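Engineer: The structure under discussion is supplied below as structure tokens; questions concerning it will follow.
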Amino acid sequence: MTIWRFGNRSAIDSLGLTEAAAVRRRKHRSGQQLHAAFQRIQLRLRLLVMGLTKQYLRYAASAVFGVIGSPRANITYVTLRGGERGRYIAVAACEHVFIWDVRKGEKVLILQGQKHEVSFLCPSPDGVHVAVGYEDGVVRIFNLLNGESNVSFNGHKSGVTVMSYDALGARLVTGSKDTDVIVWDIINECGLYRLRGHKDLITQALFLKDKNLLVTSSKDSFVKWWDLDTQHCFKTMVGHRSEVWGMVLLNQENRLLTGSADSELRAWDICYLEEGKTAGEPRLKKGKTLLEEEDGDQNDEAEEEEVLEERILSCKKAGSILREARDRAVSLTADSKARIFACHGNDAVLEVFTVLSEEEVQRKMIKKLKKAKKKAAKAQEDAGEPTAEPVVERTLKDEIIRLTNIKASAKIRWVDVLAGPGGELKVALLLQNNTVETYSLKTSDKNPTANKTARLTLGGHRTDVRTLAFSSDNLAVLSASGDTVKVWNRSTLQVIRTMACEYALCSLFVPGDRQIILGTKSGKLQIFELASGSLLESVDAHSGAVWSLCLAPDQRGIISGSADKTVKFWEFELIKDQGTDQKRLTVTHARTLQLEEDVLCVKLSPDHRLLAVSLLDCTVKIFYTDTLKFFLSLYGHKLPVLCLDITHDSTIIATGSADRNVKIWGLDFGDCHRSLFAHDDSVMFLQFVPKTHLFFTAGKDKKIKQWDADKFEHIQTLEGHHREVWCLAISPNGDHLVSSSHDKSLRLWERTREPIILEEERELEREAEFEESMAKGSVPVVPGETEGEAAPAGKKTIETVKAAERIMEALELYKEEARKLEEHKYFCEKAGKELPPPKANPILVAFGNVTPSRYVLDVIKKVRSSELEVSLLVLPFPYVPELLRLFNSYIQQGLEVELVCRCLFFLLKIHFGQITSNQMLVSVIDELKTNTLSKVCQIRDVLGFNSAALQFLQQEIETKEDVTFFADATGQLKEKKKRRRKRERAVLTIA
């Protein structure tokens, strides 16, 4: 079924748009949309009546497979349905998130993405949710119980680079490539504020548990401390000479450890100062002249900031730890208790460190002191003179020791650690080559060694897939990379066979689908048998790389083209295997065509009459197959032709080149029918759909496109890959398409029954471009707001513009209905009798015969909480007075008081000047003040009464059953600390 979508263009270009102009533009646009819709319906009716002369069917994305974990996003442990901790891991897989069971090696859950690639993962403290950041700046919160996402935040302009929850899981901080840090409210599903100050990509952001503070690091070499109560940066650490790539908090958040671009891990001691300890007594300026006072006033702001900084905390460098690796620290992570942390660089070695407790450090220092005393006593005996009492200094190496090093099988990209019971440490590694490895070690051992517990490799290739092929029955897919060749079941997407091979560049199924042949970079032809998964024979076919293989139309042989400037013809033959009486398949060399340039691609015409050869000199030579005599030369490409194909009727040949063009030629005279600008980068692969003149092209611009070789039209674009597309393969029946990319993924596309109308496709493309330009438009400025460290969290998107339009349309409907009621009342008074009421608006009838004012409230309620402020921000001021009057009625009736107050306060903030200068709104504001205060106080009293009732019930249950419910451990700990501090102060006062 075709789903028709119409563009919803905004009627708001600026805040100064008048109401009449907005109405005119909206009505004009609505008329245009209706006209376009009628045109589409008429076109479809004409096509149905006349019959489609040529019908195109849509290809849609079916599945993503072959990727185990994308290296662009981190790896993290998750808890799934209350299962065992450390059993499940979450990794990014292009735009999706895969949850793997490392014990079984199976994929247990897929968190479906939309379009953009995943850039960061962060599980919530309760283990029920996971926050997923994307390359377009969107953050989505997924529920691990059902895999659904109901909360979405959109505030960043570019990819999310880091995320972190607070201790309670109520707030989420995100950092991005756009250098901004945003704090989100998870419970209210909205943004709190945006923090600006960094000049480069954000690498880490951490909440402090017991204090409302935030610490962030960036590639600009700075570490910033933020006071979230006032939303400003009160301290900037400038002790790093290069980028800060990661940091962790240790020792109950009393030490900060940072990793930079060198081999040092720098440690900083954090001293939290009590409020009021240095808050000063006022600084007096005694003995200063008036001129000195004026000069001193210029530095007052800097002095106040320094005093504020010292009042909250102070940082002092405690030393540094040298890593074994000499390159930069790629990632730095710690377990939940911050007792163990791990660090790695761009190599395959993970360094694991442990932080000793205070008791362990004291025992170590006592042993160190004993050794020093023995050494001093021995020196004294040798010298015969008394020596001074030895003094042992406490260093950073006494508190942080190296636990072990873990050597992975490839370069490490991300790491996560999890401390288990009994001193067990679980380590999960995401490697650069599409592999996940997990290790386990006992931290209590004297010399702990890491044991590999799992390795996920079966479901993907280690390197990029450079060749694909379909079996003749459309059921099996062959994919080959630099080290392995895999055969997949197309319906289940499971691996049937995995065989080791050389670097494969081309491949095909032998007729019968029992063997496959690979052309390798070393010039060999490798023949594999699928039943046993063994290598039957490796033929030294060429002295250069075999770039192309082609099956003969009579299926009795193959043709290979190589970089050694030859095209060779091979015939299938069955020979007896040595040592057994069974026959096996081999290929025998029949003929050779010598050429002057490297061969890039070869293709035989289906009628076995012509041979097309693509050469490095940017031409395509056509030869007769029987005599190998030259027939045609197709020249016109500016760069070498990388791919070509011939139609089933041997009349048309299409060539794709590195110059980004596709040329369609006739095979009768070699004339160029049309040259198409196909991709924004090199065209890597081209293939015709069997028994049609439609063909697909794949390019380095991450896109796959379908074309019509008869009408020279672009039919559709398949978007999904996030890196260069290397190759594709079409099933013999044309129903399926599989493609491979540099993002390590294989994508399956299937042909649906939905027809494609080209005019509709072009219009949808234009609407998508318009919506993208709308989202990149200028952000409305709040009057009176200055550019500072704190800013609103949301941003203007097409969703916020549409939400604002829906609010405007609802207000217009409310005004129209109010006008109808006034006219009806006037006519009733004039007629002196009750007239029949006006006909109800169909929109209100569709919503259950609600009142117009209630309809406006329902529209506002349907706006996402995270988009509400920005939607109100782009709302023109002429709509605000009517909205304020409606808010007054809502508050009087007690309808959605919390939501209405939130909207009311935001509108008063951004339109304060215009509202206060409007005499018509004075009475409305006075009524709002009275009604809002009374209603909010009433709701607060109800909440207080309910809270007191719950506390009373809790006490009753605790006294009856002698148990404690809802115990707040952190609150009890704070009380103990306060009592201890009071005792210490009393002792100091007495002393």
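Each Cβ is built from the backbone N, Cα and C atoms, and glycine gets one as well.
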Engineer: Please find, within the list 355-375, 565-585, 691-711, 775-795, the residue stretch that TrEMBL describes as region 'Disordered'.
Structural biologist: 775-795
Engineer: What stretch in 539-573, 634-675, 718-750 has the biggest tally of Cβ pairs under 8 Å against the repeat 'WD' (458-498)?
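Structural biologist: The stretch I would name here is 718-750.
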Engineer: Give residue numbers and ranges for long-range contacts of the repeat 'WD' (539-573): same chain, 6 or more residues beyond its ends, CB-CB under 8 A.
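Structural biologist: For the repeat 'WD' (539-573), the list is 505-508, 510-511, 517, 519-527, 585-608, 611, 613-614.
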Engineer: Can you give me the average pLDDT across the repeat 'WD' (237-270), rounded to a whole number?
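Structural biologist: Averaged over the repeat 'WD' (237-270), the predicted model reaches a pLDDT of 89.
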